2 protein chains.
Amino acid sequence: MTRKPVLALVGATGAVGTVMIDILNGRGEWPWGEVRLIASPRSAGKKIAVRGQEVTVRALAPEVFDGVDVAMFDVPDEVSATWAPIAAGRGAVAVDNSGAFRMDPDVPLVVPEVNTDQIAHRPRGIIANPNCTTLSMMAALGALHRELQLTELVVASYQAASGAGQPGVDRLHAELAAVGGKQVGERAGDVREALAAAGLRQDTSPFPAPLALNVVPWAGSLKEDGWASEELKVRNESRKILGIPDLKVSATCVRVPVVTTHSLAVHATFARPVSVARAREIFQAQRTVVLVDDPAAGQFPTPADVVGADPTYVGRIRQALDFPNTLDFFVCGDNLRKGAALNTYEIAEKLAGELAN
Amino acid sequence: MTRKPVLALVGATGAVGTVMIDILNGRGEWPWGEVRLIASPRSAGKKIAVRGQEVTVRALAPEVFDGVDVAMFDVPDEVSATWAPIAAGRGAVAVDNSGAFRMDPDVPLVVPEVNTDQIAHRPRGIIANPNCTTLSMMAALGALHRELQLTELVVASYQAASGAGQPGVDRLHAELAAVGGKQVGERAGDVREALAAAGLRQDTSPFPAPLALNVVPWAGSLKEDGWASEELKVRNESRKILGIPDLKVSATCVRVPVVTTHSLAVHATFARPVSVARAREIFQAQRTVVLVDDPAAGQFPTPADVVGADPTYVGRIRQALDFPNTLDFFVCGDNLRKGAALNTYEIAEKLAGELAN
């Protein structure tokens, strides 16, 4: 094409949308001729600076997609379910960060450094962005899988409050304000009492239990046989992204009092023999992975040090002592960046490259 | 014996010792004729009420063990290494909560509801109490193992600050006071900045990274091949307690900003077929386990609700979808009670029963 492509961002004023604007403002290469910001009618008219130019937010409507080449959706499932097909019907490729289309066999689920080739097959004109928990480990696992063939995965997550959006972040800050400086956490129920005393009702929290001074073994909604939706997403999305339909997966998802950046303890078994030395080489060769693994010097990834960063950080790499071909390691990934906005934008960027050819 | 046995508590003024005094004061049955409180010379002379009577703390010395039947040690490894054999040499049975003797083949490692029969074989006159992380899941795992034969264990921990003693608790409270009410945790390093601004130097922390608004994938000291000592303890102590020398274990130990109560995400594989229904029955039949598992009603164990309780709480029980004979579940146990003082006292109580017969 001779004209430069047009990019739209639906959900420009939400938690992930706000991070997306940061990414647009900070990106070096810029293939786009125009950026359209789209949100609910309530946010329409708002002005947001994108690369030095004020852009007026438009209300979501079919005609805003006319002339759009790539439309990124950072909105709830039900909004995407309705509007991504409308955008696609008007000629845009929809890149959707909701859960609405991820398991649709006619919608590729893409992590550019893992399965970028799948972008090409998009019969519905929609490409899905994975769940943030899955995404937080995918760059690292994908790199290992390419050489070693992943067969089994047991993961436990340490998920940040912002995985539940801005209400999750606000709640954690409010809870920390209520317990900070108080000697609580040593008696059953005293955290609940401190929150109640500060006027924080549990039934208005996005989390099913206090998050300050606590961990909450639950994320998402209840699915069959006691599984949380987030745990099944880790299983099903890992299988689809890595192209291993029979990958064995058990995940336990736990919310921790961290604002942003998901961490995972990963126990990964491969078809081929593994070594820590080779795993380090593989991670070092993967440009979107940063290796921080020198426990003798106190060096390992922690969410407080990784938040705001684009890459996935990996450390604590150990060869399992009792399980053949198995590595144990710890990963941290910013759930709003690589876990959401950044990966979506990287897919959009690939599409821009495709349009330019 | 006709006289009632004499109990000694070494380390009476420490973090675990203080919890032990609470346990002594609250226990229903009372087999002891006398309680001696022992600590470092610095704490000698202090008076502590035990079941309504003031007891003067004595300085640690060989002669304080004369006439003692059971001596509980809640002191650092090096103190136990020296003094438990001295107590045993003077005729006491030493019940040691340090790491000094746990893997000694002539010292039983005991969790009363799992392997109480091993108390009898104690050629050195010493019985060891397991590490708090291992202990936090042992009542639950032991009950399953008795019927189903455990073969493999993959665990990730969510460990409380008090696992690092009172300095750990004090540090977490100080860090929370420094970040509470501040909008930090959204930028790399801003938690470190907030702590530094509050005068909290990282190099004076018992933890190798900030714990407030963070998780720290490290507990203990560095052992071979990148393993943390705490992770190897989980492996080696689980094998010894359960009597499964070839049990396959991978553990990843992570510190979380919780004051007290360790949690673990457990992925356990058995020789025999498992079901969630049978696991619930097994847990319900184990008097030291409490089942809290109704996610539809928001019911699962969390450390803030379990702290201060004697039993191990279990929930989120799921049959692994892809691994045969495997259960995934989440456990919470107070690391200072069952994880330390309570289990030690339960061993002492068994010894009192043995002396009475």
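Note that Cβ sites are derived from N, Cα and C of the backbone, with glycine treated the same way.
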Site-mate of A:Thr13, A:Gly14, A:Ala15, A:Val16, A:Arg42, A:Ser43, A:Ser162, A:Gly163 for NADP(+) in TrEMBL, selected among A:Asn325, A:Asn335, A:Asn343: A:Asn335
Under 8 Å by Cβ from A:His262 (active site, proton acceptor), counting only residues of that chain that are 6 or more apart: A:Cys132, A:Thr133, A:Ser136, A:Ser157, A:Tyr158, A:Gln159, A:Ala160, A:Gly163, A:Pro303, A:Cys332, A:Gly333, A:Asn335, A:Gly339
Spatial neighbours, same chain, of A:Arg102 (phosphate binding site) - Cβ under 8 Å, 6+ residues apart: A:Leu109, A:Ala128, A:Pro130, A:Asn131, A:Lys233, A:Asn236, A:Glu237, A:Lys240
The domain 'Semialdehyde dehydrogenase NAD-binding' (A:6-122): DSSP-derived helix, strand, coil residue counts: 41 helix, 30 strand, 46 coil
